[in-house]
Amino acid sequence: MPSAFQFQCHLVLIFLAASKGETRYLEVRDAGEDDPFLLLSEDLKRELSAGQIYRRSLRCIDMLSIEGQFTFTADQPQLHCATFFIGEPEELITIDYDFVNIDCQGGDFLKVFDGWILKGEKFPSSLDHPLTTSQRYVDFCESGNIQRSIRSSQNVAMIFFRIQQPGNGFTVTVKKNSNLFPCNVISQTPSGRFTMVIPHQHRNCSFSIIYPVVIKISDLILGHLNGLFLKKPSAGCAGVGDFVELLGGAGLDPSKMFPLADLCHSFHGSAQMKIGCDNTVLRMVSSGKHINRVTFEYHQLDLQETETRKENSIEEFCFPSI
């Protein structure tokens, strides 16, 4: 049975809980018929000829992984709408307003959020993002023509909006830009391989996989010696400036997830772990004193693998949610 978190993520039915100040966040409602992740698959399969601009209308709840021009026109009052944008791990997303016709004075809004937010939980977390929470929101009704182009800090971003008058709407153009040193990433797929590099930067970076997975770390360079430590109440990497931790949980925000294992020292070889949580995050904490690097691969954990888990398996509390 799919978990509540997976159900929420795969249906992404959100709406606004508050619209001003630090209390602005989105919540997930009951499931509907539309599945934005199916829309994502359609976009990925679509082939466009060189130089052709992809154009289509937006749904009230939508997800996009492709560049193009997208238009939303209300056919009835739309009070709780959002579009999620996702790119490859090494991409940033730019959203340009081409045309906006909404009634800000009448209660309409159109906002961009730098990252994703679901039911009050953010990715990247507030601990891992270079901007404050309030700075991550760009409200068209407040900025108007001042800021008509917004670039994300990672491979995900979103807009959420309320349009009450039929016929009103907006058009945006979405572009992808290269990111030489990807930091915070949400994976589009349940399997893959990735190398995260933090070059002498004091920052924290998280790679989020919204599936139970088997994750295999094949190379870790932190400028230290060798070692792998499963987290215990009195153990871990406390006091170590550079380390990697594995997190598991049932939500989107890494800062609210349970720490499963710490990797405090460099090693070459293989450390494989099975994590049955709804969301798995590999998070690198960097002091800025070293060039830190970790290479890992992952694939979705199936029921048979949970029944035959062996060495390096993570705490069993994660497994019942599969």
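Every residue gets a Cβ built from N, Cα and C, even glycine.
Annotated signal peptide per TrEMBL: 1-21, in sequence order.
TrEMBL lists 52-177 with the feature domain 'Corticotropin-releasing factor binding protein N-terminal'.
Residues or ranges marked as disulfide bond by TrEMBL: C60-C81 (among others). The Cβ neighbour count for C81 (disulfide bond), using a 10 Å radius over every protein chain in view, is 21.
Cβ neighbours of C141 (disulfide bond) (same chain, under 8 Å, six or more residues apart in sequence): I102, C104, D108, F109, L110. Residues or ranges marked as disulfide bond by TrEMBL: C104-C141 (among others).
Sequence-distant contacts of C205 (disulfide bond), defined by Cβ-Cβ distance under 8 angstroms and a gap of at least six in the same chain, are D128, P182, C183, N184, M196, I198, R283, M284, S286. According to TrEMBL, the disulfide bond annotation covers C183-C205 (among others).
Here TrEMBL flags 185-306 as domain 'Corticotropin-releasing factor binding protein C-terminal'. In the predicted model, residues of the domain 'Corticotropin-releasing factor binding protein C-terminal' (185-306) average a pLDDT of 85.
Taken from TrEMBL, the feature disulfide bond applies to C237-C264 (among others).
Annotation source TrEMBL lists disulfide bond at C277-C318 (among others). Taking all protein chains in view, 30 other C-beta atoms sit within 10 angstroms of the C-beta of C277 (disulfide bond).
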Most crowded position, judged by CB atoms within 10 A, among C60, C183, C237 as disulfide-bonded residues: C183
Pairwise CA distance, C60 (disulfide bond) versus C277 (disulfide bond), rounded so that it is a whole Å: 30
Disulfide-bonded residues: C104, C264 - member with fewest neighbouring CB atoms within 10 Å: C104
When distances run from the Cα of C81 (disulfide bond) to each of the disulfide-bonded residues C237, C264, C277, the nearest one: C277
Nearest-integer angstrom distance between the alpha carbons (Cα) of C264 (disulfide bond) and C277 (disulfide bond): 22
